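Taken verbatim from TrEMBL:
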ACT_SITE  HIS111  active site, proton donor
BINDING   GLY14, SER15, ASN16  N(1)-(5-phospho-beta-D-ribosyl)glycinamide binding site
BINDING   ARG67, ASN109  (6R)-10-formyltetrahydrofolate binding site
DOMAIN    1-65  domain 'Cyclic nucleotide-binding'
SITE      ASP147  site 'Raises pKa of active site His'
Amino acid sequence: MARTKIAVLISGRGSNLQSLIDAAAEPDFPGEIALVISNRPKAGGLERASKAGISVEVVDHKSFETREDFEAAINHALKTAKVDFICLAGFMRVLTAGFASDWRGRLINIHPSLLPSFEGLHVHERMIQAGVKIAGCTVHFVSADVDSGPIIGQAAVPVLPGDNEEKLAARILEQEHKLYPACLRLLLENKARLLGANVIYDDTVVATGELINPPTN
Ligand code: GRF
């Protein structure tokens, strides 16, 4: 069976990209990463992609006057590479409602909080300031509003006394690297899919094992 062609959009170091590259290297993974696009020419993730032999494109948002023009360039690269699924992984540009709707059901993101709590930026600092005791990460479909959209899976971690931003971010990131490939696999295998405003799952999906704190294989 042909493997789904995936593009990963990044802006930075690309540790989540790496977890997707590693997962896609498994022979039974139902997708292949065909393209990595960065809006920042110096994103560390570009090197990870090149090292894995994946095509890379830099689409620098600063070269475009409007968001629509920037997205048209992204769409052109996606079309050329025959991409049919997009993973945002630390992609720091807000996408337009038009882009989200064109890719509806085929565009997902990972966010380092248990959404709908703590959407937006500076999440780790804000969680520590708020004194929450449980933090985590969320993989969700992208909709017109930032960090919203139907939730696919989540992983929780404790916030411990003495945590600072770095310690908490590292604990969450460890879970991100398990959750993102697990959710992507479920979607590509059509065991999880978007239905209206919700995500529905096959009966075979083990909620505690795949959608909530997935184990490392
Ligand atoms: C991750 O924490 C992700 O959840 C957020 O941005 C960060 C990207 O990190 N959206 P990396 O570039 O994948 O290492």
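From the backbone N, Cα and C atoms, a Cβ is placed for every residue, glycine too.
Caution: TrEMBL annotation is automatic and unverified by curators.
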Which recorded positions of SER15, ARG67, ASN109, ASP147 contact ligand 1 in the sense of C-beta under 6 Å?
SER15
Could you tell me which of these binding-site residues, SER15, ASN16, ASN109, has the fewest other Cβ atoms within 10 Å of its Cβ?
SER15
So if I measure Cβ to Cβ from HIS111 (active site, proton donor) and keep only same-chain residues at least 6 apart in sequence, which ones fall under 8 Å?
GLU119, VAL123, CYS137, THR138, HIS140, ASP147
Tally every other Cβ atom lying within 10 Å of the Cβ atom of ARG67 ((6R)-10-formyltetrahydrofolate binding site).
15
Average pLDDT across the domain 'Cyclic nucleotide-binding' (1-65)?
97
Please list, in sequence order, every residue of the chain apart from GLY14, SER15, ASN16 whose Cβ lies within 8 Å of the Cβ centroid of the N(1)-(5-phospho-beta-D-ribosyl)glycinamide site.
ILE10, GLY12, ARG13, LEU17, GLN18, SER19, GLY45, ARG48, ALA89, GLY90, HIS177
Could you state the whole-number distance in Å separating the C-alpha atoms of ARG67 ((6R)-10-formyltetrahydrofolate binding site) and SER15 (N(1)-(5-phospho-beta-D-ribosyl)glycinamide binding site)?
26
Is the residue listed as 'active site, proton donor' helix, strand or coil when read with DSSP?
strand
Cα-Cα, whole number of Å: SER15 (N(1)-(5-phospho-beta-D-ribosyl)glycinamide binding site) versus ASN109 ((6R)-10-formyltetrahydrofolate binding site)?
14
Residues in the domain 'Cyclic nucleotide-binding' (1-65) grouped by DSSP into helix, strand and remaining coil:
20 helix, 19 strand, 26 coil
Which one of these recorded positions has the most other Cβ atoms within 10 Å of its own Cβ: GLY14, ASP147?
GLY14
Quick one: pull the CA-CA distance for GLY14 (N(1)-(5-phospho-beta-D-ribosyl)glycinamide binding site) versus ASN109 ((6R)-10-formyltetrahydrofolate binding site), whole Å only.
13
Could you say whether, by DSSP, ARG67 ((6R)-10-formyltetrahydrofolate binding site) belongs to a helix, a strand or a coil region?
helix
